[in-house]
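As recorded in Swiss-Prot:
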type	residues	note
TRANSMEM	6-26	transmembrane segment
TRANSMEM	89-109	transmembrane segment
TRANSMEM	115-135	transmembrane segment
TRANSMEM	180-200	transmembrane segment
TRANSMEM	208-228	transmembrane segment
TRANSMEM	258-278	transmembrane segment
TRANSMEM	293-313	transmembrane segment
TRANSMEM	317-337	transmembrane segment
TRANSMEM	352-372	transmembrane segment
TRANSMEM	386-406	transmembrane segment
TRANSMEM	410-430	transmembrane segment
């Protein structure tokens with residue numbers, strides 16, 4: 001067990017790691033479209049309208065998600081303003097709270113500060129957690145509520161005090177209710193399918209029958225006011241959200257983001273870096289101790305069952321398995337601390353060598369792509385970015401070697417492998433990536449034209465939300481492609497916000513009498529601009545393009 005001085009040093013180092021990797025780079029990195037610009041704009045419009053009940057995007061009804069995740073982003077923008085830091089801070093905050101909850105859960109399970117500290121550090125330094133936790137999506141919020149729900153579930157199973165058990169199930173319901181208002185019915189399904197094998201194996205079914213209704217009551221109590229409010233405001237919301245967003249997305253043949261069953265295996269392998277060397281041992285240890293150690297069986301079910309559930313679903317995205325990383329971090333922490341305790345340092349040294357290999361592999365690939373192959377990531381003028389990337393991954397390998405050379409004694413140093421990568425990634429992205437996925441610079445370059453435009457049209461929803469966020473205006477028209485706004489654009493009061501190629505010439509002739517018209521495109525690499533009326537100004541930067549039509553009498 002750690003002494004007080006070691007605890008203070010460990011807490012300081014973890015806080016330093018969190019500040020350097022999670023907070024410092026936030027504002028300096030451009031926003032990615034379509035996700036980050038979408039959530040930035042939704043919250044900006046919510047704050048502008050003062051309506052926290054019905055989500056809108058570009059002043060068009062947007063029913064893909066409930067509102068609790070937006071509320072967190074709203075508060076962030078309300079405190080920090082309209083900037084990239086505020087857009088991402090909600091995600092960072094949720095990862096931070098999740099790490100604290102995992103520390104507390106580890107203490108509940110093992111009463112060992114070393115394991116608890118290692119759990120939190122491993123969690124926040126996992127590549128998947130870091131990548132999603134510094135990216136503005138709703139998954140960190142959803143993962144927070146799932147983590148809190150599972151902590152309450154364990155608390156309810158462990159305590160012998162009836163009063164505390166009642167409290168645990170009531171808080172469990174509150175967490176599920178907030179998770180439901182963040183990402184829908186998944187927040188209710190995940191804790192249930194995880195706890196089912198646990199209570200059956202531990203013969204606690206009667207406890208769930210007796211106390212489970214308390215969780216249901218508290219979940220309904222916290223979510224019902226908003227459920228009723230949005231049903232009164234938008235009667236069609238629940239039809240769309242249940243049938244389209246849940247049933248169609250996860251089970252139908254035309255579900256979004258269809259991927260094979262094994263899709264999450266490579267995602268998981270990459271996601272646990274820089275702790276990949278601990279993955280096999282941690283899972284095997286949990287499986288071997290499933291009978292003798294109820295805590296390990298609890299974590300194993302929490303990790304495996306949602307992973308299988310999301311693998312069976314037809315629609316898949318890397319962000320979906322973020323809730324699986326919390327139990328995996330705890331399993332790895334227990335495995336690592338037990339290795340030190342039992343003198344099995346060679347198992348920890350393996351993780352160091354894995355990071356040496358990963359750092360060296362990244363350096364070789366970067367060097368080969370620029371020097372040997374014809375598939376260069378960077379342009380010749382971007383040599384400094386190339387050097388930055390090589391240095392970052394070189395330091396990754398060096399830290400991995402230190403973990404190995406020091407005989408695994410300082411195995412937790414592996415967390416710092418990615419620290420330089422996190423600091424430089426925003427400055428080391430190739431220009432072709434910036435000019436295809438991060439439109440803020442392109443929009444700022446054409447700020448004058450856009451600011452003086454009476455109408456702005458966009459062929460891409462991601463580009464439309466980027467313009468809306470940068471220009472602080474939500475009256476962007478969709479051009480030819482409906483995208484994710486199709487459902488909202490079909491409402492009678494929003495149909496005028498869609499212009500097709502066929503109708504554009506006639507619409508343009510009328511619109512130019514009112515003022516300048518700007519049309520934005522997000523093209524494929526070699527795609528040509530469509531055949532449209534001749535513009536007064538055309539500008540293209542790799543995949544982004546703008547056509548400007550000046551006002552005519």
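Cβ coordinates are placed from backbone N, Cα and C, and glycine is handled just like the others.
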Please check if the transmembrane segment (180-200) comes into contact with the transmembrane segment (293-313), where contact means 3 or more CB pairs closer than 8 Å and the residues in each pair are separated by 6 or more positions.
yes
The transmembrane segment (6-26) in contact with the transmembrane segment (293-313), cutoff 8 A, at least 3 CB pairs, sep 6+
no
Find the member of 89-109, 115-135, 293-313, 352-372, 410-430 that has more C-beta pairs under 8 Å to the transmembrane segment (258-278) than any other listed stretch.
115-135
With contact taken as 3 or more Cβ pairs under 8 angstroms (pairs 6 or more apart in sequence), are the transmembrane segment (115-135) and the transmembrane segment (89-109) in contact?
yes
Stretch-level contact, the transmembrane segment (352-372) and the transmembrane segment (317-337), CB cutoff 8 A, at least 3 pairs
no
Using a Cβ-Cβ cut-off of under 8 Å, list the residues of the same chain that are 6+ residues beyond the ends of the transmembrane segment (208-228) and lie near it.
53, 66-67, 156, 165-166, 169-174, 176-178, 180-181, 188, 195, 199
Under 8 angstroms, Cβ to Cβ: which one of 293-313, 317-337, 410-430 has the largest number of such pairs with the transmembrane segment (89-109)?
317-337
Do any residues of this chain, six or more beyond the ends of the transmembrane segment (410-430), have a C-beta under 8 angstroms from a C-beta of it, and if so which?
17, 20-22, 24-25, 28-30, 118, 121-122, 124-125, 127, 130, 134, 273-275, 336, 339-340, 348, 351-352, 355, 359, 377-379, 382, 385-386, 388-389, 391-393, 395-396, 399-400, 402-403, 438
